[in-house]
C-alpha cells in the first residue's frame, strides 16, 4: 500500500479499533453514508435515480461527505478516477440501477486497466424483482465481473458496513483497481443495528508487499554484471509513491531510466539519466534503450503492446528482472530471469540497500549511457510547422507547458492530443499527469480534470483535449461551473478524429472515411458559444501570437472554468512512431526516417537518404546549441 492510501482505513486498521459507540438503529441507506464517513470518503460523484434514491436522503444531511452532481454517469466514474489518481485515495461514484449502472461500465473498465482505486456503488431493483426483467434492472455484477477487481451484491442490510470496508480495502491494496458494490433498494430501506468497525473476512486475499530477499540478491547480481542496463518504469511506481526511491537507486547506480505513458512524472524529465517515454510514439532514445539493452529492470510495468511492439523482437538481447505487486503480470508477456513480487517502493529500497552492501565488482556502463545521451541529442522532440498561418498543435502544448510549469496537473483523453501532451509537456513530478492509458477512452479528460481539481483544489488543472473527445463529455463543464471547480481546457481543435485520420493517411492512401467532424471553414459546433452556455469563459485562438496571451488570460480566471479553442492544422501528425505490430527497431523518427541503432542496417529503402537527413538534424542541433 502506498503512503497516500494509508490515510484510508483498511480491514487491518479497522479491526484494531475499539467500538466508539453502542449499536445504532438505522436504515441500510444511512448505513451506506455512515460507512463512507467512517472510511474518510470526503467526496463522491454521482446522479440519483429510483433504485438508489434512499441513499440520497441521508447523504443530504451528511457534513462529512460532499456529493458532486454530474451530468452523466460516465462523468462520475472518470471524475472518481481523476480524484484517485491525484490523491492516491479511493475515488467513489454512485449510480442508480439499469442505465445508470451500465453508464459506469466504461470508466470502471478504464480504471481496471490503469489500476485505479475506485469504489462504484450502484442501486439495484428490489430483491423480489431480481431476474424478472423489472424496470431498470440490469445484472451489473455480471456485466462488470471481467472489468472489476471484485464486486459484491449486498442481500442483507447487516452486511453493508462490511461490504463497503472490504471494497475500500480491495480497491487500494495490492494492485489497485475498481470494486463495485450493488445494493437492492429493499436492502437500502431495511433496518439494521449499525456497528463500526465491522468484522471483515477476505479469505485468500493476502497481497505481498515485501519482496523476497533471495530474489533481490539475484537481481543485484544481474545488475552488477550488466553492461547495458535500463530501468523500465511503469505506472506502478507512481501508485506506490516510489519516486524518491527510484531516483535514489538510479543516481546511485547510474542506470538510465525510461518512463512509460502511465509513469510520466515519476522521474524528472530534466534529469540527465531520463531517456524519455518508450512505445509506439516514444522517443528514439527510450526505444533504443530497450531494444539494445542487455538487462531490463522492469518496475511496476506490464509490457503493454504499445510499449513492446512485436513481442518476439522486443529487447532481443536483454535479460529481464520484473518487479510487480501483481504476480499475474510477471512472465505474462515476456519470460523473466528474476521475478520479484512486491510493492515498488519496497523493491527499490531493497535493491538500493543490497546494491550498496554488495562487495562484487560492477561493469562500467558510462559508454552505454553516453550512447543513449547521443541518441537523445541526435533525435530531439520536434515538429513541422503547419502550412500558411495554421497553428501547430505541438506549439500550443509546448507553450502551455512552458507558461504553466511542472506544478500543475495535466489531463488528456486519447488520440493525437494525448501523445502530443505526453511529448511536449515537461513532467517533473508524480501525480501531475492523468490520461486513459490502457483502455484509451475518448471523453476522459474533462471529467478527470474535474475530479483532479476536487482532490487537489490548490493545484492548477488543465485538460488538454481533442475536439472529438471533448464532444463526448463536455457537459461536465456545467458540473465544474456549478460545483466550483475552475478547471482549464486547452482544446486542440483540428476538426477531425485526428489519430484515425493519421492512420488513414499512412495506411489507407489518404481515404478519409468518416473522420471529418466539421465542414471546412466552419465552427461546428461553435465551441466558444457552447462553452459559454455551459457556464465557462471561452476564448478562440487562430494565430501563433495569440497562444500565450490566451493561456495567461485563462490563468487569471479562477471563479469558473475556462475553455480555449485552439484552431490547429488538420494534417499535423504524431512522430516518432512504431507502426502497430512492427518491431521497435523499425521506429520512424519522421516519415521514412528510421534511425540506426549501433550501426545496424536501416530498414529504410535508401540508407543514403537517412544519413543525409540525420546530418541535417545534427547540423540543426549544433546550430541551436551555438
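Cβ coordinates are placed from backbone N, Cα and C, and glycine is handled just like the others.
Predicted, not measured: the structure shown is a model, and the values here were computed from it.
Annotated range for region 'Disordered' in Swiss-Prot, selecting from 1-23, 24-46: 1-23. Cβ neighbour count for residue 73 (thiamine diphosphate binding site) (all protein chains, 10 Å cutoff from its Cβ): 27. Taking all protein chains in view, 28 other C-beta atoms sit within 10 angstroms of the C-beta of residue 298 (FAD binding site). Distance between Cα atoms for residue 73 (thiamine diphosphate binding site) and residue 175 (FAD binding site): 25 Å, as a whole number. The binding-site residues considered are 337, 343; of these, 337 has the fewest other C-beta atoms within 10 angstroms of its C-beta. Broken down by DSSP into helix, strand and coil, the region 'Thiamine pyrophosphate binding' (416-496) contains 35 helix, 16 strand, 30 coil. Listed binding-site residues: 286, 325; maximum Cβ neighbour count within 10 Å falls on 286. Applying an 8 A CB threshold to same-chain residues 6+ apart, the list for residue 331 (FAD binding site) reads 322, 339.
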